[in-house]
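Data first, discussion second: the structure below is written as structure tokens.
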Amino acid sequence: MATFAPHISKITKSSTKFNYGRIAKTFLGVAGSAAIATYFYNNGNPFNNNNNNNNNNGGSKNAAKALFGASAGANVKIAKVPEGKSASDYQKVYNDIATKISENLEFDENAGYYGQLLRLAWHTSGTYDKSDNSGGSYGGTMIFAPEEFDPENAGLQVGREFLMEFLVKYPWISRGDLWTLGGVAAVQESGGPKIEWRPGRVDDNTASKVPPNGRLPDASKDGKYVKDLFARMGFNERETVALLGAHVLGRCHKHNSGYDGPWGPSFNQFTNVFYTTLLGDWHVKKWDGKKQYEDDETGEFMMLPTDMALKEESYFLKYVKMYADDQDLFFKDFAKAFSKLISNGIKYPADSKPILFKTLDEQDEE
């Protein structure tokens, strides 16, 4: 396969900027990863959150039809912020999540919880279908079948359990808000861009709005599949490539997805390394798992078939090269696309303003 970028050993040149800050400082002081508390969900009302009611929001169906088409009338999603809650309340939740992340940096072979939390936010949002405004992050439905048992969600109970204590501590926050906020914290605390986030998701505790399985990305597919799947959510090719840059964080596990390994050396730092690594030389890995690719130079990194599709299709490749050359541009595009992903289908009040959370490092410097 042709090489379009420097070899992996050279990816730390000026196109990639690492921001270690609190991550490195905290890691040096970590003696071991803390135990993960185990919680159990039920199919009724896990927490009687003030924000977890199932209001019909009378009169909103016509607005939804105007926004999303006639078929969206049954899938009205009006943001409703718990009474008396403001940006400062959500910043406290962010701080608690970020602190817990920083206390568990050795988790998963030093990958930490960044990839887990980003994947949870991504997958709870990635079921959205713009044709009828169904799915997405609004209802926090991943605790219900069949979504909970979607093969593409295997392993995400770890991320949900990581965040569970904050549903207890902050009973007014919805699952949808907490899970997406966790993804924002993962990106920002690992050195990534600021993500605009808005509260107001309302939990579905009746399991009446659970999306069908099959909407999340199947990593074994080709470029056309990737293009069509992201188009279903309302994304163009550029946004698609930007969103898949999330693979820079974390790693795959054979016992969950059938794939194994990190995508590159930056698995606990949000950078553009996914793209520079992807543009190297690869071969199909010889092993007993699903088809995946292994880098020629080190044999330590992996790519999924859907990742490789980004360099095989010209309508994706130009953006891969663009982001490999310009991390600042990638950050800008990712921030915009990810904010769109986690908010898809939700109608916010006209006076609703996005929240930009301060990182722990920024607060330390104040």
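Counting starts with 1 at the first residue shown.
Any Cβ shown, glycine's included, is placed from N, Cα and C.
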Which range is it, out of 123-146, 195-218, that shows up in Swiss-Prot as region 'Disordered'? 195-218
Between R119 (site 'Transition state stabilizer') and W263 (active site, tryptophan radical intermediate), the C-alpha gap once rounded to whole angstrom: 14
What same-chain residues, at least 6 away in sequence, bring their CB to under 8 Å of the CB of W263 (active site, tryptophan radical intermediate)? H247, V248, R251, F274, T277, F301, M302, M303, D307
